Structures are given as C-alpha cells and as structure tokens.
Amino acid sequence: MSPQTETKTGFGFKAGVKDYRLNYYTPEYETKDTDILAAFRMTPQPGVPPEEAGAAVAAESSTGTWTTVWTDGLTSLDRYKGRCYDIEPVAGEENQYIAYVAYPLDLFEEGSVTNMFTSIVGNVFGFKALRALRLEDLRVPPAYSKTFQGPPHGIQAERDKLNKYGRPLLGCTIKPKLGLSAKNYGRAVYECLRGGLDFTKDDENVNSQPFMRWRDRFLFVAEALFKSQAETGEVKGHYLNATAGTCEEMMKRAIFARELGAPIVMHDYLTGGFTANTSLAHYCRDNGLLLHIHRAMHAVIDRQRNHGMHFRVLAKALRMSGGDHVHAGTVVGKLEGEREVTLGFVDSLRDDYIEKDRSRGIYFTQDWVSMPGVFPVASGGIHVWHMPALTEIFGDDSVLQFGGGTLGHPWGNAPGAVANRVASEACVQARNEGRDLAREGNEIIREASKWSPELAAACEVWKEIKFEFETIDTL
C-alpha cells in the first residue's frame with residue numbers, strides 16, 4: 001500500500017494513510033457466536049502481502065476507507081469493524097489465499113439480504129490491490145437468521161399441501177421457451193400434467209411479451225390445472241412467473257394468480273433482486289402460495305473460481321430471502337455442477353444443521369435453527385436415463401424437472417410425462433427394495449420399459465445423449 005504519512009493536530013487526530021493491517025488484521029481474535037463469518041478466496045496484486053490484502057477486504061467491506069478520517073473518533077471502531085482473523089494459502093495455486101473475516105452483527109439491518117450483500121460483496125470486489133476476489137462461503141449466525149422469515153412454507157408444508165410423499169416431485173419447463181400463444185401454451189401444460197407430472201413451469205424469460213401477455217397465460221394455465229386435476233385426482237401446479245419490471249407489477253401478477261386459485265408462483269430472484277424476492281416471499285406465506293425460484297444470472301456471478309461468489313452463498317441468501325424451490329444444477333445434465341460441491345449446497349438448502357466439511361466446499365458449520373428448508377430443483381439437459389442417478393444424488397426431497405426430456409418425446413407431451421413418471425417410480429421402488437441405483441440404474445430403467453411403451457420410446461430416443469465436459473468450478 002502507499003507509504004504511511006501523518007499530520008498531527010491539536011485534537012489528537014493524525015491525518016494520513018495507514019496500512020490496513022494495523023487495524024483490521026487480528027489473528028488473535030476469537031470469533032463470537034453472533035459474528036457473520038466469511039471465507040474469501042483472494043489473489044493480491046504482486047507486492048501486496050496477504051495480510052494487507054486480507055485486512056483491506058475486512059476494512060473495505062465494513063468500517064474502513066483508504067485514509068484516516070476525523071469521524072473515526074466519534075464511534076467505536078473496535079465494536080463495528082470487520083476483522084481478518086486468519087489467512088491460509090490455497091493448495092496448488094500461486095499467490096492465492098483464503099482470508100477469513102468476522103463481521104459484528106450490528107453492521108447489518110435485520111431481515112435484509114440486500115443490506116448484508118451491499119457490505120460483504122460490495123465495492124471491495126473492485127479494489128485495485130486485489131487481482132481477484134471470490135466469496136466462497138458465509139456463516140450466518142442464528143441471531144441474524146432468526147430475523148428472516150425464510151421460505152414461505154418449506155419442504156414439509158409443501159408436501160402436506162400437495163399430499164405427495166416418499167418420492168421426488170416431477171416437473172417440466174414448457175418449450176419452446178418463447179413464441180407460443182397463451183392458448184397453445186395452456187394446452188402443453190395440460191398434456192404434461194395429465195400425463196403424470198406434478199408441476200409445469202414458465203421458463204425464466206417468460207414474463208409478458210407481445211406474443212403472450214401474462215394475464216392470458218395465467219388464465220389458460222389455470223384452466224389446464226383444473227382440468228388435469230379433475231382427470232387425475234392429484235394436486236397439480238404450474239410455476240406462474242410473476243417476475244416483472246417493477247415490484248408493484250410483480251405483486252399484481254402474484255395477486256391475480258392467487259385469485260385464480262393457482263397453488264404456486266415463480267420469481268427470478270437474481271435478476272429481480274433480493275428486495276423484490278423477499279417482498280414476494282412474505283406475500284406468499286401470508287396468502288398460501290408456494291414460491292418457485294429460478295437462478296437466472298447466477299453463472300455470471302459464480303462460475304469463475306477466482307472471482308465473484310460461489311453459488312453456496314447465493315443458496316444461503318435465497319433461503320433467508322425466501323423461496324420454496326430453487327434451481328441447483330443436476331450434476332449429470334447440461335449445466336455446470338460438481339457432485340460433492342452440489343451436494344454441499346443442497347444440504348445448506350434442506351437441512352437444519354450442516355457441519356463444516358472442506359471436501360464438499362463447506363467452510364463453516366451452519367445452524368439454521370427452525371428455518372424451513374428449500375426443495376433443490378434439478379433441471380437442464382436431463383432425461384429418463386438420468387433418473388436413477390438423479391434419484392440417488394438428490395433423494396426424495398427434490399424436484400426433478402425435464403423440459404426437453406418430456407416435450408421431446410416422439411409421441412408427444414403426455415407420453416413424455418408418462419415416461420418420466422414411470423421411470424421415477426421404478427427408481428424409487430428399486431431403491432426401497434435395496435437395489436443400488438448407481439450400479440444398476442440402466443437395468444432398472446430397461447426393466448420398467450418392458451411394461452411401459454412410453455418409457456421404451458423415450459429410452460430409444462435419448463440412449464446416446466450425454467453431456468460429458470469437465471467442470472470449471474472445482475474444489
């Protein structure tokens with residue numbers, strides 16, 4: 001950093017620039033149960049010591065600025081400052097470190113992910129002394145998490161609403177994602193739900209475009225829901241995307257969905273913003289609506305391993321802000337996601353208590369106390385041959401969502417839904433009988449296809465489809 005210069009005054013104030021580490025690097029500090037803890041992967045500029053870089057992260061994301069200021073003397077910096085309390089080198093990487101920072105709870109507004117992120121992942125990410133900076137994990141203490149409502153309903157309450165237990169829930173994103181008229185869209189929804197799926201879904205970029213205005217879509221989808229429910233005797237849902245250009249318009253769409261009797265709405269929580277998402281989550285709890293969350297834009301933030309923010313942090317933020325489902329990758333499909341890393345943040349979404357486990361990318365033990373859990377949604381390039389692996393990886397408390405893997409069936413949408421339902425129930429039955437899904441998965445699907453022509457046709461179409469690319473963001 002710049003050389004230290006000071007100018008004394010008659011009031012005990014020393015103007016000038018000081019090294020950050022003089023005040024913000026405190027390896028002797030013992031963290032408190034009420035601290036928010038952060039693990040940053042940092043790459044300092046050449047010549048910047050890691051202790052100075054870690055202290056700069058702590059300072060610039062809490063009380064510090066680049067020079068000493070008069071008003072430091074009007075408050076207690078020791079009470080409010082962030083502290084870099086540990087630094088460790090990243091194995092196998094040159095000039096890269098994990099900096100651990102503790103933040104006092106009083107720095108953050110209660111119940112506001114927006115305020116928390118404005119500090120922790122704010123201007124510090126553009127700091128010139130750092131070549132790159134990534135927030136790897138966050139420990140949210142119960143003293144802070146209890147100020148959030150969290151998911152509108154949670155896993156158990158949703159199962160009770162749907163009266164569906166003991167298996168993953170099945171969904172489908174309607175394709176093509178853009179261009180269908182509202183009536184044809186509703187027809188596709190009806191066919192998929194009648195065929196055996198639990199949910200259908202608006203694609204994340206379906207809002208209210210000229211080819212299909214939101215109100216028309218909501219009306220035709222509601223008709224499809226009620227017709228499929230009457231024919232199957234099962235509760236059905238369609239994720240009606242309420243995301244809009246303003247919070248007021250978003251709420252208008254959610255209110256209309258509730259008036260139609262729809263059980264669930266949807267929000268793009270990153271493009272829509274945390275303030276809008278939390279507002280919608282509160283409305284959904286108050287009015288009995290489930291809330292499906294899409295993570296559009298996440299890869300802009302989380303895919304590069306040296307800079308940005310890991311999705312496990314975005315997942316924790318979503319659980320606090322509120323959502324009953326959130327997309328979480330597939331491990332086996334077309335989208336990025338390493339198995340152990342994915343399971344690490346899936347546990348952070350579903351479980352009450354998650355132990356520190358660096359082999360899964362979990363830097364801190366996280367205690368959610370009584371906050372409801374979130375269904376992870378596996379979606380993106382998956383089909384019936386993936387069903388055993390998906391069931392084994394994600395378990396029952398998940399939503400498995402097949403868009404092209406339903407609508408691409410050679411016989412049509414309803415047979416595509418039948419194929420997925422048959423494959424899912426075959427995998428659940430085989431697992432419950434003690435069979436090894438990882439080893440016997442293909443055999444289980446082949447056996448089930450002998451008595452399901454819909455599944456047999458799907459198996460033939462997608463037998464050669466694989467997405468075998470190396471994951472970029474690895475541990």
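All residue numbers here begin at 1 and follow the chain in the order shown.
For all residues, glycine too, the Cβ spot is worked out from N, Cα and C.
The feature N-acetylproline is assigned by Swiss-Prot to Pro3, with sequence analysis given as support. Annotation comment: Swiss-Prot describes Lys14 as N6,N6,N6-trimethyllysine, evidence class sequence analysis. Positions annotated as substrate binding site by Swiss-Prot, on the basis of sequence analysis: Asn123, Thr173, Lys177, Arg295, His327, Ser379. Per Swiss-Prot, active site, proton acceptor is recorded for Lys175, His294. Among the features that Swiss-Prot reports, Mg(2+) binding site is placed at Lys201, Asp203, Glu204, with the record citing sequence analysis. The site 'Transition state stabilizer' annotation in Swiss-Prot covers Lys334.
Structure with Swiss-Prot features highlighted.
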| residue | record | CB count, 10 Å |
| --- | --- | --- |
| Asn123 | substrate binding site | 10 |
| Thr173 | substrate binding site | 24 |
| Lys177 | substrate binding site | 13 |
| Lys201 | Mg(2+) binding site | 28 |
| Asp203 | Mg(2+) binding site | 18 |
| Glu204 | Mg(2+) binding site | 22 |
| His294 | active site, proton acceptor | 28 |
| Arg295 | substrate binding site | 23 |
| His327 | substrate binding site | 24 |
| Ser379 | substrate binding site | 25 |
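Thr173 (substrate binding site) and His294 (active site, proton acceptor) have their C-alpha atoms 12 Å apart, to the nearest angstrom. Separation of the C-alpha atoms of Arg295 (substrate binding site) and Lys201 (Mg(2+) binding site): 14 Å, rounded to the nearest whole number. Counting only same-chain residues at least 6 apart in sequence, those with a Cβ under 8 Å from the Cβ of Lys175 (active site, proton acceptor) are Asp203, Gly403, Gly404, Leu407. Listed in sequence order, the recorded positions near His327 (substrate binding site) (C-alpha within 10 Å of its C-alpha) are His294, out of Lys201, Glu204, His294.
Rounded to a whole number, the distance between the Cα atoms of Lys201 (Mg(2+) binding site) and Lys177 (substrate binding site) is 10 Å. In three-state terms derived from DSSP, Asp203 (Mg(2+) binding site) belongs to neither a helical nor a strand segment and is classed as coil. Cα to Cα, His294 (active site, proton acceptor) and Glu204 (Mg(2+) binding site) are separated by 7 Å. A Cβ within 8 Å of the Cβ centre of Lys201, Asp203, Glu204, the residues given for Mg(2+), is found for these other residues of the same chain: Thr173, Ile174, Lys177, Asp202, Asn205, Val206, Tyr239, Asn241, Met266, His294. Secondary structure at Asn123 (substrate binding site), as computed by DSSP, is helix.
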